[in-house]
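**Student:** Sharing a structure here in C-alpha cells format.
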Amino acid sequence: MSVWAFAFFSLFLSLSVRGSAEQCGQQAGDALCPGGLCCSSYGWCGTTADYCGDGCQSQCDGGGGGGGGGGGGGGGGGGGGDGYLSDIIPESMFDDMLKYRNDPQCPAVGFYTYNAFISAAKEFPDFGNTGDDLMRKREIAAFLGQTSHETNGWWPAAQGDQYDWGYCHMNYNYGLCGDDLNLPLLQEPELVETDPFIAFKTALWFWMTPQSPKPSCHAVITESWTPSAADSEAGRVPGYGVITNIINGGIECGQGGPNNANENRIGFYKTYCDSLGTTYGSNLDCYQQRPFGYGLLGLKDTM
C-alpha cells in the first residue's frame with residue numbers, strides 16, 4: 001500500500017467507533033490519566049483549562065507535559081494571534097455550528113474543543129487565512145463540512161437537524177503524517193484518540209498537504225489549484241466536489257448520483273457556509289468526476 005493509500009484510509013475514515021471512548025475518571029472506572037495529566041469532567045486527559053479547570057476529576061495540577069494537550073496556548077507556525085481564526089469563527093459560533101458534539105449520547109462527548117481547533121490551526125498559517133473573507137470562511141466551512149461527515153452522530157430520531165450532529169463520533173487519524181508532524185503516530189496511535197489537539201492537527205495536515213496526483217484540499221477551496229489536462233478529461237473541475245474526490249473518490253465519485261455520502265457532505269458544507277455568511281461556490285458534488293488514481297483503460301492504479 002502506498003503512502004497515499006495509507007494516509008487516505010488512516011486520516012479521514014472512521015475505522016471504528018466505540019460506544020464509550022473516555023479515558024479517565026468516573027467514565028472509565030476512575031482511571032487516572034498517564035503522566036499526571038488532568039482528567040476533564042467528560043473523562044478525557046489533557047493539560048489545559050479544558051481539562052484542569054472546572055469539573056476536573058483528578059490530577060488537576062496538570063503535572064504531565066504531554067504533546068500539546070488539546071488546549072488554548074501556543075501552537076507554532078505563526079498563523080497570527082487571537083485575531084486570526086477566532087475573528088471569523090469565535091467560540092460561540094463554533095459551539096452553535098457543532099451544537100451536539102457534547103451531547104451525552106455522543107461517544108466523543110467533550111473531546112473536540114474550540115481551543116484545540118484554534119491551537120491546531122495555528123500550526124498551519126495559511127488555513128482559513130488565504131484570500132478575502134468569503135474565501136477564508138468558505139475554507140473553514142469546507143473543512144468542518146468534510147470532517148463533520150466523517151464524525152457524524154445523527155440518527156433519524158435524533159433531536160435537531162441532521163447537520164447539527166457533526167463531531168459526535170471519534171475519527172481515528174493515524175498515519176504517516178506523523179513523520180511530518182514529528183509525532184509517533186504509528187507507534188502510539190492512541191495519541192489521536194486521547195489528544196484533541198493532535199486529532200485536529202492530523203486532520204489539518206491532510207487538508208493542507210498535496211499527495212500527487214491529488215492537490216491539497218486547501219488548494220482546491222482557495223482556488224489556487226488549476227486542473228491538468230488529465231483532470232479536465234476526467235471531469236475534475238474546481239469546487240467542493242473535488243475535495244470529496246480527494247478524500248473518498250474511489251467510493252463516492254464517478255458513479256452518477258445522487259448518493260447519500262455526497263449529499264451529506266454537501267449538506268454540512270452548506271449549513272456551515274450559511275452560518276459563516278459565505279457563498280458555496282460551484283461544482284459541489286463529484287458525481288461526474290472520475291476518481292483520482294485511475295490509469296489506462298479506466299483501471300484503478302495499484303496504490
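Cβ coordinates come from backbone N, Cα and C, glycine included.
Swiss-Prot feature annotations, pasted as is:
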ACT_SITE  Glu150  active site, proton donor
DISULFID  Cys24-Cys39  disulfide bond
DISULFID  Cys33-Cys45  disulfide bond
DISULFID  Cys38-Cys52  disulfide bond
DISULFID  Cys56-Cys60  disulfide bond
DISULFID  Cys253-Cys286  disulfide bond
DOMAIN    22-62  domain 'Chitin-binding type-1'
REGION    82-303  region 'Chitinase'
SIGNAL    1-21  signal peptide
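Each of the listed features needs to be described in terms of its position in the shown structure.
**Tutor:** Following the DSSP three-state reduction, the secondary structure of Glu150 (active site, proton donor) is helix.
DSSP assigns Cys24 (disulfide bond) to coil, not to a helix or a strand.
Within 10 Å of the C-beta of Cys45 (disulfide bond) there are 29 other C-beta atoms, taking all protein chains into account.
All protein chains included, Cys52 (disulfide bond) registers 21 other Cβ atoms within 10 Å of its own Cβ.
Listed in sequence order, the residues of the same chain lying 6 or more apart from Cys60 (disulfide bond) and placing their CB within less than 8 Å of its CB are Cys38, Cys39, Cys52.
Using a 10 Å radius centred on the Cβ of Cys286 (disulfide bond) and all shown protein chains, the other Cβ atoms total 30.
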**Student:** Using DSSP and collapsing to three states, where does Cys52 (disulfide bond) fall: helix, strand or coil?
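**Tutor:** Where Cys52 (disulfide bond) sits, the three-state DSSP reduction gives helix.
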**Student:** Compute the C-alpha separation of Cys253 (disulfide bond) from Glu150 (active site, proton donor), stating it in Å without decimals.
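**Tutor:** Computed Cα spacing between Cys253 (disulfide bond) and Glu150 (active site, proton donor) is 16 Å.
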**Student:** Of Cys24, Cys45, Glu150, which is closest to Cys286 (disulfide bond) if I measure between C-alpha atoms? They're all recorded positions.
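**Tutor:** Checked the recorded positions Cys24, Cys45, Glu150; minimum Cα distance to Cys286 (disulfide bond) goes to Glu150.
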**Student:** Are any of Cys33, Cys45, Glu150 (the recorded positions) within 10 Å of Cys24 (disulfide bond) when you go C-alpha to C-alpha, and if so which?
**Tutor:** Cys33, Cys45
**Student:** Compute the C-alpha separation of Glu150 (active site, proton donor) from Cys45 (disulfide bond), stating it in Å without decimals.
**Tutor:** 23
**Student:** Rounded to an integer, what is the Cα-Cα distance in Å between Cys45 (disulfide bond) and Cys56 (disulfide bond)?
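**Tutor:** Cα to Cα, Cys45 (disulfide bond) and Cys56 (disulfide bond) are separated by 10 Å.
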**Student:** Determine the mean pLDDT over the region 'Chitinase' (82-303), rounding to the nearest whole number.
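**Tutor:** Averaged over the region 'Chitinase' (82-303), the predicted model reaches a pLDDT of 81.
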